[in-house]
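Lifted from TrEMBL, the feature list:
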BINDING   R100, R110, R139, D227  substrate binding site
BINDING   D227, D251, D255  Mg(2+) binding site
BINDING   G285, S286, A287, P288, D289, I290, A291, G292, K293, N294, I295, A296, N297  NAD(+) binding site
DOMAIN    4-356  domain 'Isopropylmalate dehydrogenase-like'
SITE      Y146  site 'Important for catalysis'
SITE      K195  site 'Important for catalysis'
Amino acid sequence: MEYKIAVIPGDGIGPEIIREAKKVLDQIGKQYGHIFSYEELLLGGASIDAYGIPLTDDTIEKAKKSDSVLMGSIGGNTTTSRWYQLEPSKRPEAGLLKLRKSLNLFANLRPALLFEELAEACPLRKSIIENGFDMVIVRELTGGLYFGNRKTVIEQGERKAYDELTYTETEIRRIAKRAFEIAGKRRKKVTSVDKANVLDSSRLWRNVVEEVKKEYQDIELEHMLVDNCAMQLVKNPGQFDVILTENMFGDILSDEASMITGSIGMLSSASLNDTKLGLYEPSHGSAPDIAGKNIANPIATILSAAMMLRYSFDLEKEADAIELAVKQVLEDGYRTIDIMSDGMKQVGTEEMGTQIAQKIK
Ligand code: NAD
Ligand code: IPM
Ligand code: MN
């Protein structure tokens, strides 16, 4: 069968890591008899350079018509890049947010698990990670601070800026249901993370999550304040199964969770709606500091491609094959510099992709 994938290489390391993900997908295609066809689309800085805006209607339409979207990462150095001299609505990130909203991608899944081979790359003490950890952060992606009104005004002779954080109960209910569904297929525990001791939006969040919980009697629910969660992630990451949280908290906590897996270069993600069309991208950014050097870790993107096979195409065996290949390459000692430790074999982006592709069975 043919699968039409819209590919957005993006900016910075985006094109380098996407190249490796395609290499691995092509190997899956060969071994399992699928055809993956790619249509490249522009987003972010690359789109600004070509059209003056970070996302065109043409990109949105083509993404909607594809079977799924695979993305690298977008954006540049936010202090030095000329893209950040543009008004906020024309900057790279505005394009990504509009694309997420246009495709209604409200559920962002970010799995953080420790490959035992990477225990040396994890900054936590051995005793903390001896039993490993395996969690998935379910981040609400189309509401909250990211999509509220924002403005900078002059008030009483000084500049004042505000950003609105709103959630409707419909938005909370659908992401909560998604988290409970996912927990049902895992270890049956949801930790809902909020700031209900301060924020009204978090108090509504907590109430609605409690209501949804009634439909999922077999799932354990706990509530945790976000500051505590940030601490618990490094104190005892093994306690978490599914972390359910709003957009901004999920953004921050997922970067934290990524580091305890060894590197942000390991954390994949899937952004989903109620259809089969998803957007798959690593959780990290365009890493302008290492772009063009062939040193970026492509594993987060390769694992995101595996999520695409699983969630958009129902190719479970093929997704497993990619995950197994990653594990075997780590077992064989291949490491990009971000996950390097003593005695391991350091390789670049391209070599890491080739090694993983060669292991596909
Ligand atoms: P970043 O994630 O790009 O980089 C943070 C640090 O992690 C850097 O030191 C970088 O070198 C390192 N890093 C990131 N990915 C890596 C990989 N695959 N392998 C090895 N090291 C890696 O975050 P930032 O520097 O804060 O942001 C840079 C740009 O990326 C900004 O414009 C930001 O808006 C954008 N961004 C985009 C996305 C996305 O496209 N989804 C996500 C996050 C940030
Ligand atoms: C991410 C990124 C984006 C976000 C930015 C680039 C808008 O940090 O995907 O985690 O904050 O959602
Ligand atoms: Mn982020």
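Note that Cβ sites are derived from N, Cα and C of the backbone, with glycine treated the same way.
Please treat TrEMBL annotations as automatic predictions, because they have not gone through curation.
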On a count of neighbouring CB atoms within 10 A, which of the binding-site residues A287, A291, I295 is highest?
A287
Give me the CA-CA distance between G285 (NAD(+) binding site) and K195 (site 'Important for catalysis'), in Å, as a whole number.
26
Rounded Cα separation (Å) that holds between Y146 (site 'Important for catalysis') and D251 (Mg(2+) binding site):
11
C-alpha spacing of K293 (NAD(+) binding site) relative to D227 (substrate binding site), in angstrom:
36
Including all protein chains displayed, how many Cβ atoms other than that of D255 (Mg(2+) binding site) lie within 10 Å of its Cβ?
15
Quick one: of the recorded positions R139, K195, D227, A287, A291, N297, flag those whose CB is under 6 Å from ligand 3, and say none if nothing qualifies.
none
Helix, strand or coil for D227 (substrate binding site)? Use DSSP.
helix
Considering only the recorded positions R110, R139, Y146, K195, D227, I295, which possess a Cβ situated under 6 angstroms from at least one atom of ligand 1?
none
To the nearest whole angstrom, what is the C-alpha distance linking A287 (NAD(+) binding site) and D251 (Mg(2+) binding site)?
16
For R100 (substrate binding site), nearby residues of its own chain (Cβ under 8 Å, 6 or more apart in sequence):
L141, T142, S271, L279
